[in-house]
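Novice: The compositional bias 'Acidic residues' annotation in Swiss-Prot covers 1-16, 73-96. As annotated by Swiss-Prot, compositional bias 'Basic and acidic residues' applies to 29-44, 103-116. Swiss-Prot lists 133-159 with the feature compositional bias 'Basic residues'. Annotation comment: Swiss-Prot describes 1-47, 68-182 as region 'Disordered'.
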Amino acid sequence: MADNEEDVEAEEEYTELTDISGVGPSKAESLREAGFESVEDVRGADQSALADVSGIGNALAARIKADVGGLEVESETEAEVEEEGGEEAPDEDVETELQARGLTEKTPDLSDEDARLLTQRHRVGKPQFNRQDHHKKKRVSTSWRKPRGQLSKQRRGIKGKGDTVEAGFRSPTAVRGKHPSGFEEVRVHNVDDLEGVDGDTEAVRIASKVGARKRERIEEEAEDAGIRVLNPTYVEVEVSE
């Protein structure tokens, strides 16, 4: 009798999707849009199917299954693990390598003049513009400061004392600020920022504050739209012989 009462209480406890641990109104709406209308639908679904729902992910899907599925799911999982553990598979050395996601080899459509100017910019280069006496005093950093002393040899332009910042060192105007590949960089923080990006002349750089889950969605959308990501995520994959 006590066990039956506990089962009834457990069933009555979850009447709405929002009663499940970790599921708020927004995530409940995402579950409904994916076809999970009730708690019973969630209880009968696989963890992988829940993880594919927008805004859920694998970690929250496991939490939902643990909360809704009860102890029966956990005991079955443990039993399966114990049965599989009896046979020890031989260790195989699998060669892996890191590969970048997305269109890493894509190049922009450049005119002959822009291609020439990019080559010129790379060939000529720029001085480092280090601060005067940075190599003499530890407290002096390398960040550029204009020399102002009357006896400063760097200010007077004496050879070997370091270059000073002047307009003549700037890059050609047509390719100024472009990525070495020739793309114009566009900074993105979410999927919506990809709208309006021209994949033939522009490439995106994902902001450093973007999390792993949102970064993955941005990279997938960029690849589908034919847009190159300049700072892609590297994943470990097996090397095919």
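Note that Cβ sites are derived from N, Cα and C of the backbone, with glycine treated the same way.
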Novice: Apart from its near flanks, which chain residues at least 6 from the ends of the compositional bias 'Basic residues' (133-159) lie with a Cβ under 8 angstroms of it?
Specialist: 165
Novice: Based on DSSP, tally up the residues of the compositional bias 'Basic and acidic residues' (103-116) by helix, strand and coil.
Specialist: 5 helix, 0 strand, 9 coil
